[in-house]
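Q: Before anything else, here's the structure in question.
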Amino acid sequence: MQQHTLAAEITQVGVGLHSGVNTQVRILPDETGSGRYFVRVDLPDLPIIPAQVAAVSHTVLSTQLGKGEVYVRTVEHLLAALSGMGVDNARIEIDGSEVPLLDGSASVWVANIAQVGLVSQPVNNQVPLTVTEPIWVYQGDAFVCALPAPETRFSYGIEFDLPAIGNQWYSWSLTTELEKASASFAAEIAPARTFGLLHQIEHLQKTGLIKGGSLDNALVCGPEGWLNPPLRFANEPVRHKILDLVGDLSLLGAFPRAHFLAYKASHNLHIQLAQKILDFGFDFAQSNDFRF
């Protein structure tokens, strides 16, 4: 079995969705078993925040990781890109409190990763997790679950009153072959951009959120349709929800072999499921055909 890290460092600068502040991110290769973690290089002592479920401190409209009073928010797109492209170990240096939104998708991160390439890292005694019984979390009619399955698959459904979105479903599988999985993620999931509803934007801005949001980095939908077409996919919104789910579940460290099924879910429910998977323990089932 193998892990992977970057063959060279990556640097990106951009504005945060909620803070509206420009930050710089440097992603550096790291040793086998180090995992993915953030370093706040703008603060004394360079505090480290691991990209783990236990570090989640906030889940309203994005996923935030924290350690004490130090935090990094809106981590999900970057973490989805790293995990979807097979980067297990990475030091993510950031000079502010929010990861740049870039174009609202994970495409820029994915292109950067593909450009520098990966380095294989042999691993001994790594035992992956297989889900052997259904694990559910729900709130009202929204839910997310992990079901026993022969492969790692993500399926998502959304439903909005706006005709341009309506009811959408999409399903995507993560093959055990790294090259095929990365290509599939880059083509089918990474390009899907974050989206918002026109009638909610003013309220969110009044509450101090989406200060960095614009028609250049987020799709906006109103009663008459999309304000900034064209879409990259007819079902781009639900594909973006899979992107968010991949990013949130990457906090497990590696994806269990399971079918992750979600409907009208949220970052909060995603993280609740991840925690529940951890609560089951990593010894209730084993598998030997996991790609990480």
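Heads up, the Cβ atoms here are built off N, Cα and C, so glycines get one too.
Note that this is a predicted model, so its numbers are computed, not measured.
Annotations per Swiss-Prot:
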BINDING   His77, His240, Asp244  Zn(2+) binding site
ACT_SITE  His267  active site, proton donor
Q: Specify the secondary structure state of His267 (active site, proton donor) as given by DSSP, simplified to three classes.
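A: It is helical.
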Q: Compute the mean position of the Cβ atoms of His77, His240, Asp244, which form the recorded Zn(2+) site, and then list in sequence order the other residues of that chain whose Cβ is within 8 Å of it.
A: Glu76, Ala80, Ser105, Ala106, Ala192, Thr194, Lys241, Ile242, Leu243, Gly247
Q: Within 10 Å of the residue listed as 'active site, proton donor', Cα to Cα, which of the binding-site residues His77, His240, Asp244 are there?
A: Asp244
Q: I need the most crowded of these recorded positions: His77, His267. Count other C-beta atoms within 10 angstroms of each C-beta and give me the top one.
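A: The residue with the densest Cβ neighbourhood is His77.
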Q: Are there any residues at least 6 positions away along the chain from Asp244 (Zn(2+) binding site) with a Cβ closer than 8 Å to its Cβ? List them or say none.
A: Glu76, His77, Ala80, His267, His270
Q: Enter the number of other CB atoms within 10 angstroms of the CB of His240 (Zn(2+) binding site).
A: 28
